[in-house]
Amino acid sequence: MKTIIALSYIFCLALGQDLPGNDNSTATLCLGHHAVPNGTLVKTITDDQIEVTNATELVQSSSTGKICNNPHRILDGIDCTLIDALLGDPHCDVFQNETWDLFVERSKAFSNCYPYDVPDYASLRSLVASSGTLEFITEGFTWTGVTQNGGSNACKRGPGSGFFSRLNWLTKSGSTYPVLNVTMPNNDNFDKLYIWGIHHPSTNQEQTSLYVQASGRVTVSTRRSQQTIIPNIGSRPWVRGLSSRISIYWTIVKPGDVLVINSNGNLIAPRGYFKMRTGKSSIMRSDAPIDTCISECITPNGSIPNDKPFQNVNKITYGACPKYVKQNTLKLATGMRNVPEKQTRGLFGAIAGFIENGWEGMIDGWYGFRHQNSEGTGQAADLKSTQAAIDQINGKLNRVIEKTNEKFHQIEKEFSEVEGRIQDLEKYVEDTKIDLWSYNAELLVALENQHTIDLTDSEMNKLFEKTRRQLRENAEEMGNGCFKIYHKCDNACIESIRNGTYDHDVYRDEALNNRFQIKGVELKSGYKDWILWISFAISCFLLCVVLLGFIMWACQRGNIRCNICI
């Protein structure tokens, strides 16, 4: 029994052993950083996946689903293509003299006039789209000896037959079609775009009935260029009741140049010119609805925000848009390395510093202090080191956007069948550019993330070194980001350490004296926990032995009866 009492006494002494910081003559001060229960994984130069407290997504992967009409002027083509609006298809008259920043062509657009083709359709479409206007000036061409304003039932304008409003179909007058030779100088200081064409009858009979001659010819020239077109007579697939066709051509006349038109038949003559402008206007095929909203960047899928440096919504864009990349996600670290706080810390829940883990719940700063002293425990953020890290990180996103977000537009590429090899080459070049930008984007983000993590680690180390230089021999590093302070350090003392006004000379003598008076042999926390657990187990075993001995003694005295039945 004496042995049991002695062991129990030893166990109680062990359990009652003071923790560092719980003694009135000492205190514990730990330095730590912010942590969250579930961080975000980012990529760095050295690690494919490293957890940080916070990160910002850099890839815009979705659109609004609608095209914003501000700040860009959007012109909805509705059921008209840009070329139909240019030629003056009757159902596109509403677009006469219109202007735009972006002309939106719809998939439902259709032609409703004389069937035609444009041999260099893509170039004409791109030229007019970039000009951003359908401003048309009528000129007084003199066509002597022919009938003007030809029309067709395939191109209804009101109840009667009609034709493209910007073109003049010339046919024979009586039984003659004289040779036409007309000149028109450009005395203005801007480029003029003339649209003209040639008619391809379906039969020889149609040819002679319209133009007398068995074969016509059209020559349009300037000082810089000349085009001679001969009609191809023959039947073609029927479109809107016609098997004949019109081919549309175009000529640009520079200031000081002269337009010369010579023809003996089949001429579809211009009525005037389109005033050409230089600008950033463009065209886009999209079925996204147009809405009243504000967005700098437009894609065929709809408008997208341009507050991110990259996007993978669509390769085709207009406005100040993020660069297109292949990646669905690229995360930029905007916080420090995340080390979630351990929920169980030994038998007594002792505090620990940044070397072991981070601290959750630090909402007022990234770096801070925790302490245990005679007045209890406490925590406070270090705003100076926090602000130093934030100042350097805040500009990262803006810098990445500045490097990648330029005001440009990526137009659609169109090529005819005969230009298939050019189309393949262009696609290869475009894909290579995207691959290069995707690689550059990933590398740029990885470099920035590496710098952020190194920076935040450095700020933590700076704060620790600053504290160590203040405490000097008055405290001892505990190896986990904490200091054991060998003098009484109340809350005012702790605050002086945090704000840098701590005077170690004031406490020097007390600290040195306490170093020698505190336990002769100080057990490390890991071994101490083991010994405490072993002592606890031995005590429980001895208590069980005592209880069993008491039961046996009671049975012998007859105070307890035990019946065993078999």
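Backbone N, Cα and C atoms are what each Cβ position is placed from, and that goes for glycine too.
Just so it is clear, the model here is predicted, and its values are computed rather than measured.
Record features, source Swiss-Prot:
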- 1-16: signal peptide (SIGNAL)
- 531-551: transmembrane segment (TRANSMEM)
- 552-566: topological domain 'Cytoplasmic' (TOPO_DOM)
- C555: S-palmitoyl cysteine (LIPID)
- C562: S-palmitoyl cysteine (LIPID)
- C565: S-palmitoyl cysteine (LIPID)
So how many other Cβ atoms are close to C555 (S-palmitoyl cysteine), meaning within 10 Å of its Cβ?
-> 12
Mind looking up the mean pLDDT for the topological domain 'Cytoplasmic' (552-566) in the predicted model?
-> 67
Could you find out if DSSP has C555 (S-palmitoyl cysteine) as helix, strand or coil?
-> helix
